[in-house]
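Feature annotations, reproduced from Swiss-Prot:
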- LYS33: site 'Transition state stabilizer' (SITE)
- GLY68, GLY69, ARG90, ASN195: substrate binding site (BINDING)
- LYS255: site 'Transition state stabilizer' (SITE)
Amino acid sequence: MTLEREAAANTAKVLSEALPYIRRYVGKTLVIKYGGNAMESDELKTGFARDIVLMKAVGINPVVVHGGGPQIGDLLKRLSIESHFIDGMRVTDAQTMDVVEMVLGGQVNKDIVNLINRHGGSAIGLTGKDAELIRAKKLTVTRQTPEMTQPEIIDIGQVGEVIGINTDLLNLLVKGDFIPVIAPIGVGANGESYNINADLVAGKVAEALKAEKLMLLTNIAGLMDKEGKVLTGLTTQQVDELIADGTIYGGMLPKIRCALEAVQGGVGSSLILDGRVPNAILLEIFTDTGVGTLISNRKRP
């Protein structure tokens with residue numbers, strides 16, 4: 001057998017082995033939070049777009065929610081606007097909010113839409129302001145030290161939390177064979193804009209759609225134990241225990257809480273996925289080779 005024919009045979013074998021997985025997910029909705037290194041490398045960006053198009057082609061319904069923190073930071077720096085963070089959240093005054101909307105809704109969103117469409121998909125870019133897709137309210141942040149008798153309320157500007165998702169719009173797009181690509185900008189009761197963490201938006205979208213899976217692309221191999229070993233499969237109870245004993249802490253806490261709440265809210269499973277791995281999404285859904293940490297009501301087989 002020639003090398004060319006051997007390569008073709010291997011490709012056919014892989015496609016054949018993927019059939020049971022394709023059947024499992026046909027007609028199901030998967031919400032993917034896209035961010036980190038996967039958005040910065042040209043090779044990974046192209047791979048992501050092709051993976052999304054392939055999912056749609058075999059009958060799976062991907063819904064993409066994207067971040068864009070580094071891009072926002074870059075433009076703020078070029079405009080000589082200082083960035084401030086409190087508890088990992090960007091303090092968002094009116095001027096910063098204008099930049100957030102410009103970058104997320106105008107630049108990053110349209111770049112992703114264009115890339116997916118160039119590879120044969122039919123992506124539609126949205127922000128939470130379109131048809132009030134993401135209804136939001138101002139996020140209240142409090143802080144208390146032992147010396148305080150009352151918690152201090154900290155104003156971090158136009159940072160919001162999700163209070164509702166327009167599922168009618170998303171279902172209409174999905175049934176029309178479109179791929180929604182969502183920028184995490186919410187709209188308040190009076191039309192005001194809110195900057196919302198993309199992980200949180202993805203989790204709430206997954207809950208609202210009763211998605212089969214929430215996939216959070218990150219820059220790490222997955223959730224690790226205290227010895228640095230990746231934990232490939234966890235139940236919701238085990239996640240609670242790891243938070244309580246301090247294994248999960250710091251910057252991973254909000255992401256893990258988001259994944260946990262999604263499963264508790266009716267999503268089939270959540271996945272902390274290594275976005276640095278080429279075709280990570282396909283490896284997860286079409287093979288037994290996990291590339292991250294699965295959180296569900298039962299262990300990964």
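Every residue, even glycine, has its Cβ placed from backbone N, Cα and C.
Where Swiss-Prot records a feature, it is marked here on the structure.
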| residue | record | DSSP (3 states) |
| --- | --- | --- |
| LYS33 | site 'Transition state stabilizer' | strand |
| GLY68 | substrate binding site | coil |
| ARG90 | substrate binding site | strand |
| ASN195 | substrate binding site | strand |
| LYS255 | site 'Transition state stabilizer' | helix |
For this session: Over all pairs in GLY68, GLY69, ARG90, ASN195, the listed substrate binding residues, work out the largest Cα-Cα distance in Å.
Result: 12
For this session: Quick one: give me the count of other CB atoms within 10 A of the CB of LYS255 (site 'Transition state stabilizer').
Result: 21
Problem set entry | Neighbour-count leader, CB within 10 A, binding-site residues: GLY68, GLY69 | GLY68
Seminar exercise, completed: Note on substrate: the CB centroid of GLY68, GLY69, ARG90, ASN195 has further same-chain residues inside 8 Å, namely GLY67, ILE72, GLY73, THR92, VAL100, VAL103, LEU104, ALA198
For this session: Provide, as an integer number of angstrom, the distance between the C-alpha atoms of ARG90 (substrate binding site) and LYS33 (site 'Transition state stabilizer').
Result: 19
For this session: Give me the Cα-Cα distance between LYS255 (site 'Transition state stabilizer') and LYS33 (site 'Transition state stabilizer'), rounded to a whole Å.
Result: 11
For this session: Using all protein chains in view, find how many other C-beta atoms are within 10 Å of the C-beta of ARG90 (substrate binding site).
Result: 21
Seminar exercise, completed: ASN195 (substrate binding site) to LYS33 (site 'Transition state stabilizer'), Cα to Cα, whole Å, comes out at 16
